[in-house]
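Asker: Here it is: the structure, laid out below.
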Amino acid sequence: MFYRKLWSQTENGFLSGYTCGRYLRSTVHLDENTLKPLSVSPNGRQLISSVSLCHCKKTHKVSPRQRSRGSFGYYSFSSPVPGGCLEPSDKDGIGKNSTSAYYKSEEYDITEAKVDSFPSPDGTNEAILVGGDMQEAVPLWQDFPKRWVIVLLCFAAFLLCNMDRVNMSIAILPMSKEFNWNSATVGLIQSSFFWGYLLTQILGGIWADKIGGKLVLGFGVVWWSVATVLTPIAARFGLPFLLIMRAFMGIGEGVAMPAMNNLLSKWIPVSERSRSLALVYSGMYLGSVIGLAFSPILINKFGWPSVFYSFGSLGSIWFALWLRKAYSSPKEDPELSKEEKKIIMGGSISKEPVMVIPWRLILSKAPVWALIISHFCHNWGTFILLTWMPTYYNQVLKFNLTESGLLCVLPWLTMAAFANVGGWIADTLVSKGLSVTTVRKIMQSIGFLGPAFFLTQLIHVKTPAMAVLCMACSQGSDAFSQSGLYSNHQDIGPRYAGVLLGLSNTAGVLAGVFGTAATGYILQRGSWNDVFKVSVALYIIGTLVWNLFSTGEKVLD
């Protein structure tokens, strides 16, 4: 609300002001006899507090001493008698040729507007005031915080990431029949993805920290989308081409997490860090749900190649939005409001791009090794549950393949829900004054001890319903890790967030590869109880390491 006073001379009391900039207009209805304001009709959000007509003696030319976007240029105005407002009894003394108005506001020391005199058809006098410093009304969606636009775009990228990854687990069934692949060949195809995925974890972090997360994440989505579309063609050329194409897809997806971490370290203040990361990672979980749900439908109606063509083509839509809306840092966004930039810059780190990675310094810090070890322990149990779950449902709980496929979706949904719940809890605790270190330790302890507890219960349950419940609760509590170790890279080294995530996620991927293989070895000589005991032991080790050596404070600058 701006407070303005208007002094004017006019024959009829109807004023129309013009400026050289963008503006909103408010209409003030004046009583014809008293010349006092009766009502204000805003055409936008701007209101005028008071209007008074004043007697003028002579005209001067001045220039405003302060300007802003859409400010007044050079105007004439009638200099009023200081403090001399026109009384109703003075109406007859208004000069017929006076058509200027004088404005005074907080934004301008002296500004004025040329006005014209018009009769009011309804008998009342209407003063239309135009302020050059006023701003245009904008749609509600344009007021949506830009930092959360970045978060939503990252969420969509991770949604596509897992959609394109899990579709092979469904399409491999008809593909193996068509090309006569045995179990060993199927395993080789499934594992070829990780060849490229491991290769670009650390490289992706280095690239993101040096040249910016926008370019790296955009490259990753385009790369893996093209590889997804080319997968059916490569399969028809032969097995070696398919293995190379799957490895290429892994190269693209390998840069996604480090690049996203780099972006959010620059865009998101610490008070919103947990919930933003939780939302992005829940995109991966929902991507798995969508991929597992729609792949069978597409295969049954259009054949297995349709899965790769349809899922891969979605990347082009995302990339078009990404080029238009995303920037690597708030400093590069010309449309970012000053208010939001102040919020972001006041609560996050935004520095010059990294030129040299201080590897010795990074690897000398105990909290970094706490991240690496904890990520390994976490992913061992997570990958085992997600990759071997259908087999467990089928062999132990005696569910058929259709039931197993449907039940495989449940843990992903549980993780998506609880990841966001954990994020809001963590950010609320930080905003209430609890230290970031304490919050990270609490959330990650839940992420370790929750799955460990439910896996021990899984050993003793006797009914399939209870087994499924324990599995879902295990994965739900596991999702609290998004507000623990997955948020900690930005805490301890925001400038090197991409590299740190690349380091720890490399250990996490290795845990998935070795854990999956070790589970098959254990099942040949033991039972599922032995598999769960190994996972529980690693969860406990991770809890101890995390609580002893992790921190929420910055240790790398």
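Every residue gets a Cβ built from N, Cα and C, even glycine.
Copied straight from TrEMBL:
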type     : residues : note
TRANSMEM : 148-168  : transmembrane segment
DOMAIN   : 150-554  : domain 'Major facilitator superfamily (MFS) profile'
TRANSMEM : 188-208  : transmembrane segment
TRANSMEM : 215-235  : transmembrane segment
TRANSMEM : 241-264  : transmembrane segment
TRANSMEM : 276-298  : transmembrane segment
TRANSMEM : 304-323  : transmembrane segment
TRANSMEM : 368-389  : transmembrane segment
TRANSMEM : 409-430  : transmembrane segment
TRANSMEM : 442-459  : transmembrane segment
TRANSMEM : 496-523  : transmembrane segment
TRANSMEM : 530-549  : transmembrane segment
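Mind running through what each feature is packed against?
Answerer: Outside the transmembrane segment (188-208) by six or more residues, the chain places 165, 168-169, 172, 181, 215-217, 220, 239, 242-244, 246-259, 261-263, 357, 496-503, 505-506, 509-510, 512-513 with a CB less than 8 A from a CB of the stretch.
Residues 147-148, 151-152, 154-167, 169-171, 260, 264, 268, 306-307, 310-311, 405, 408-409, 412-413, 415-417, 419-420, 422-424, 479, 482-483, 486-487 of the same chain, all 6+ positions outside the transmembrane segment (276-298), place their C-beta atoms under 8 angstroms from a C-beta of that stretch.
Beyond the ends of the transmembrane segment (368-389), by six or more residues, the same chain brings 362, 404, 407-408, 411, 444, 447-448, 451, 455, 471, 474-475, 478, 481, 485, 488-489, 492-493, 500, 503-505, 507-512, 514-516, 519, 531, 534-536, 538-539, 541-542, 545-546, 548-550, 555-556 to within a C-beta distance below 8 angstroms of the stretch.
Remote same-chain partners of the transmembrane segment (496-523), defined as residues 6 or more beyond its termini with a Cβ less than 8 Å from a stretch Cβ, comprise 191, 194, 197-198, 201-209, 213, 216, 257-259, 261-262, 264-265, 354, 357, 362, 368, 371-384, 387-388, 485, 489-490, 530-531, 534, 556.
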Asker: I'd like to know if the transmembrane segment (304-323) touches the transmembrane segment (215-235) in this structure, counting it as a touch only when three or more C-beta pairs sit under 8 Å and are separated by 6 or more positions.
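Answerer: These two stretches do touch.
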Asker: Given a Cβ distance threshold of under 8 angstroms, which distant residues of the chain, six or more beyond its ends, lie next to the transmembrane segment (304-323)?
Answerer: 153, 156-157, 160, 163-164, 167, 170-171, 174-175, 178, 214, 217-218, 221-222, 224-229, 231-232, 291, 295, 298
Asker: Give, as a single whole number between 0 and 100, the mean pLDDT over the domain 'Major facilitator superfamily (MFS) profile' (150-554).
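Answerer: Looking only at the domain 'Major facilitator superfamily (MFS) profile' (150-554), pLDDT averages out to 89.
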